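*Asks:* I am attaching a structure below and will ask some questions about it afterwards.
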Amino acid sequence: MKTCAVVLAAGLGKRMKSATPKVVHNLLGRPVVTYPVEAVKAVTGVSKIVLVIGRHSEDKLKAIFKDDPVVSFAYQENLLGTADALKSGLGCLNGEQFDYTVVTTADAPLIRGETLQGLIDTHISGGNAVTVLSFVSKNPSSYGRLIRNPDGTLKGIVENPDATEEERKINEVNSGIYVFSQHALPLLDMIQVNAKKGEFYLTDIVSVAAEHGLRVDAQKMLDEDEFIGINSRAELLQALNALKRRINRHWMDEGVTLMDENTTLISSSVSIGRDTIIYPNVILEGKTIIGEGCVIYPNVRIVDSIIERDVVVKDSTLIEDSKIDSGAAVGPFAHLRPGAVIGKKAKVGNFVEIKKSTLGNNTKASHLSYIGDAAVGDNVNIGAGTITCNYDGVNKFKTVIEDGVFIGSDSQLVAPVTVGKGAFVGAGSTITHDVPADALAISRVRQRTIIDWVKAKFKK
Ligand code: UD1
Ligand code: CA
């Protein structure tokens, strides 16, 4: 059994009023279109996915899927409607035949692989030519209505502008997702242009097939959320809320405590260990992995990072492309920029920024520091206000701070520079030369104290 999938994504999405194609808009950290593509990948037997692209969406969609070997692109020359889009998609198969073709719209991101699998199973077991995935909608006006014969068999699909008053009352609507058998595809050529919109509607394949005596059927679903189609910003938010809820419920079921379901945004690519506690207003994005027993305090955003177990991330902290080892504490108001690697039980405190640097186990940078391009060993104490001067305006240089070093507060380390094992740097120093192990380096001006200077100056 050979199956291919065609994902229709050539439209611009006028109702979004956006310069960005609708299906490229961000939904919980990922473009909308990546969701249906992922869902069709989960269907057994799908060996090819064709993404139908158009003038407006071409560059961005090609960029999103450039490293995906399963996705190929078909170009729809003119946006002549969903039936024309499918024809463009099939046109790029170079005559390769598939027993079944799954078609999905690219703007319905909540669709699950299991649902598509169920649809194709129904299609095959029913011996259908066309199977439509339908759902019951409380607010059906932005979807096509399913028209059934008195005996319940499917007669056709009518779009809202073309529907009669009576038909508009129907609440079973088209999801824009279908399965076609090979022999149904030639019917695409029989679809007539819709006079009102000047487009060829894929929905019309249902009535054409029924008129030709082919088996058409609909699989009716009851969970409306899974089929939300995004045509406007309001529907984008509706989809976001539904997806957020689905993901948040999943993590609660897996043993994660959420303190506020509404303001916790977790991308579908994130994973979280048991007994982790997440406070309100937390955003977890990308390929972030969080271990067991962590606490993530409010207003934290973590992107593409690995957080091992028992880590505490305190309020208002941003962590990007970084790794934090177990038992460490980061924040409040810390910024881990790409390439920060924080050791076991290390501490990164208030207003500390770390970039492309390693901090060893038990090392502390508790206050107001910038650490960039540095390798910091274990058990190091970095005093308040320490700065690695890693950039001379042209090049970046490395700072090495070996195990057990003590850097006094308000010191600057002018890279390239190495502070050897166990050495001390006196507070307020500007270190421009390497400091040997166990040495004390101090570069501040010696203090002068003039007794009774104030009296002498002001009390004449
Ligand atoms: C479509 C269905 C409607 C269904 C709804 C489900 C038709 C005529 N109507 O309506 O019955 O209830 O989806 O969400 O099919 N596209 C192209 N090329 C085109 C036109 C559209 O690739 O020429 C793509 C769009 O990018 C989009 C998808 O097809 O991803 C659906 O198009 P859209 O304009 O959103 O259709 P709806 O009006 O939502
Ligand atoms: Ca749509």
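Each Cβ is built from the backbone N, Cα and C atoms, and glycine gets one as well.
On a predicted model such as this, the values are computed, not experimentally measured, just so you know.
Grabbed the feature section from TrEMBL, which reads as follows:
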type	residues	note
ACT_SITE	His367	active site, proton acceptor
BINDING	8-11, Lys22, Gln76, 81-82, Gly144, Glu159, Asn174, Asn231, Arg337, Lys355, Tyr370, Asn381	UDP-N-acetyl-alpha-D-glucosamine binding site
BINDING	Asp107, Asn231	Mg(2+) binding site
BINDING	Ala384, Asn390, Tyr391, Ser409, Ala427, Arg444	acetyl-CoA binding site
DOMAIN	5-255	domain 'Nucleotidyl transferase'
REGION	255-460	region 'N-acetyltransferase'
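Help me picture where these features are in the structure shown.
*Replies:* Sequence-distant neighbours of His367 (active site, proton acceptor): residues of the same chain at least 6 apart with a C-beta under 8 Å from its C-beta are Gly349, Asn350, Phe351, Val352, Ala384, Gly385.
Remark: Ala10 (UDP-N-acetyl-alpha-D-glucosamine binding site) has Val52, Ile53, Gly54, His56, Ser57, Gln76, Leu79, Ala85, Ser88 as non-local neighbours, by Cβ distance under 8 Å and separation of at least 6 in sequence. In the three-state DSSP reading, Ala10 (UDP-N-acetyl-alpha-D-glucosamine binding site) counts as coil.
The secondary structure of Asn231 (Mg(2+) binding site), as reduced to three states from DSSP, is coil rather than helix or strand. Every protein chain shown contributes to the tally, and the Cβ of Asn231 (Mg(2+) binding site) ends up with 17 other Cβ atoms within 10 Å.
Secondary structure at Ala384 (acetyl-CoA binding site), as computed by DSSP, is coil.
In the predicted structure, the domain 'Nucleotidyl transferase' (5-255) carries a mean pLDDT of 96.
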*Asks:* What is the total of other Cβ atoms whose distance to the Cβ of Arg444 (acetyl-CoA binding site) is within 10 Å?
*Replies:* 13
*Asks:* Using all protein chains shown, find which of the binding-site residues Asn174, Asn390, Ser409 scores highest when you count other CB atoms within 10 A of its CB.
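*Replies:* When each Cβ's neighbours within 10 Å are tallied, Asn174 leads.
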*Asks:* Go through the binding-site residues Gly81, Asp107, Asn231, Tyr370, Ser409, Ala427 and pull out the ones with a Cβ less than 6 angstroms from some atom of ligand 2.
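*Replies:* What lies within reach of ligand 2, judged by Cβ under 6 Å, is Asp107, Asn231.
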*Asks:* When you put Leu8 (UDP-N-acetyl-alpha-D-glucosamine binding site) at the centre and draw a 10 Å sphere around its Cα, which of the binding-site residues Asp107, Asn231, Asn390, Tyr391, Ala427 have their Cα inside it?
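*Replies:* Within 10 Å of Leu8 (UDP-N-acetyl-alpha-D-glucosamine binding site): Asp107.
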*Asks:* If you compare CA-to-CA distances from Arg444 (acetyl-CoA binding site) to each of the binding-site residues Lys22, Gly81, Asp107, Gly144, Asn231, which comes out shortest?
*Replies:* Lys22
*Asks:* Among the binding-site residues Lys22, Gly81, Gly144, Asn174, Asn231, Arg337, whose Cα is within 10 A of the Cα of Asn390 (acetyl-CoA binding site)?
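*Replies:* Taking Lys22, Gly81, Gly144, Asn174, Asn231, Arg337 one by one, none has a Cα falling within 10 Å of Asn390 (acetyl-CoA binding site).
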